Amino acid sequence: MKYATAQETGEKASVTVLPYNGDERILRVRLRNRNIIVELTNIGSAITAIYTPGKNDGLKNIVAGYADLKNYLHNPDYYGVVVGRYANRIAAGHFSINGKEYQVSVNNGSNHLHGGVQGFSHKFWTVTSVKENEQQCSVVFSYNSADGEEGYPGNMSVSVEYQLDDAGRLHIHYSATTDKSTPVNLTNHSYFNLTGFEQPSILDHLLEVNASAYTEKSENDTPTGQILSVTGTALDFRKPGKLSKGVDQFPADMGYDHNFVLDKSEGNDLEKAAVLSEASSGRTVTVYTTKPGMQLYTANFWNGSIIGQQGVAYRQHGGVALETQSFPDSVHHPHFPSTILHPGEQYRTTTIFEFGIIAE
Ligand code: GLA
């Protein structure tokens, strides 16, 4: 599928919401602004496609996704979805808050991963707002998570706004409230391949990450609690480096699957976390976030069995996820930034993906 760009058609920012193939439960949402198109669905509040121009080619879809939106009901690799209630791992799925013990579902070895068996990523969300004006267009997806869902305490109301501005930036605003204290950690799990999957691997992509440290992992893939320097490791991306440089150094993971401790100023300001770029297409994605961490995951277990929206098989290292987040398993590490949301508080975080072209 190829859309005319807004520049070509002279159209301004616009948002459309349509039922998918006559199925009223599944929505197909499209944000368009200038020469960027972002497609979404209400299943998992997922980004299903992002079309951006390259330096010599036209619009290409640079994220992993299914051609048939019904497949988002399964989606074992979490293509494009919002992950919650708690993204990443909670060791043994067990934690206590104010002396009360909770057991959430265990779905990844001995750990809880990405909100459990049927996390937010696999639910139907509701479109609660759409807006468009000269400069920007946006959609808000909302979901009510019941007390006890996947074992979590409290009724949680969560909303995610996707807003596409006229400077090639997709703003993702997350918000949530609860009626009992609960952990929360929301992210978006898009996988990028800036060639539009014309090259089957992202190992030649260049990555820069604004992080001097990372959270060390134990054998069961959860943090030991140690925050270690990236200096002298394959996780030092303070200067741009190819993803190939360290992918063989983590045989247990078969690639990168690590949480960076982002270098932040005091507070939770929106700051640059990472820049991903690819020379042949000239495409770049710059990530800004208010969150303290970012998981780098290089699609280590893609095995070619899924033919994606671009009509090609998604193979190992075919895409790269830059999951802005709180640190994994924060509930067990009091020195990590707290992820507990209390009644009366508002969870608010923002991540921006800014799409560009490498300056000549
Ligand atoms: C995150 C995790 C990975 C994996 C992917 C989804 O990046 O850290 O281990 O679960 O999500 O496949």
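Just so you know, glycine gets a Cβ as well, placed from its N, Cα and C.
No curator has checked TrEMBL annotations; they are predicted automatically.
Look at TrEMBL and you will find N88, R89, H189, S190, Y191, D257 tagged as beta-D-galactose binding site. The active site, proton donor annotation in TrEMBL covers H189. The active site, proton acceptor annotation in TrEMBL covers E323.
DSSP classifies N88 (beta-D-galactose binding site) as coil under the three-state reduction. Taking the C-alpha positions, the distance from N88 (beta-D-galactose binding site) to E323 (active site, proton acceptor) comes to 9 Å. The Cβ of Y191 (beta-D-galactose binding site) has 26 neighbouring Cβ atoms from other residues within 10 Å, across all protein chains displayed. Between the C-alpha atoms of H189 (beta-D-galactose binding site) and the residue listed as 'active site, proton acceptor', the distance comes to 6 Å.
Summarising the environment of H189 (beta-D-galactose binding site), the number of other Cβ atoms within 10 Å of its Cβ, over all protein chains shown, is 25.
Looking at the residues that bind beta-D-galactose per the record, N88, R89, H189, S190, Y191, D257, the two CA atoms farthest apart are separated by 19 Å. Contact annotation for binding-site residues (R89, S190, Y191, D257) versus ligand 1: D257, each with CB under 6 Å from a ligand atom. The most densely surrounded of the recorded positions D257, E323 is E323 (count of other Cβ atoms within 10 A of its Cβ). The two recorded residues, the residue listed as 'active site, proton acceptor' and S190 (beta-D-galactose binding site), have Cα atoms 8 Å apart.
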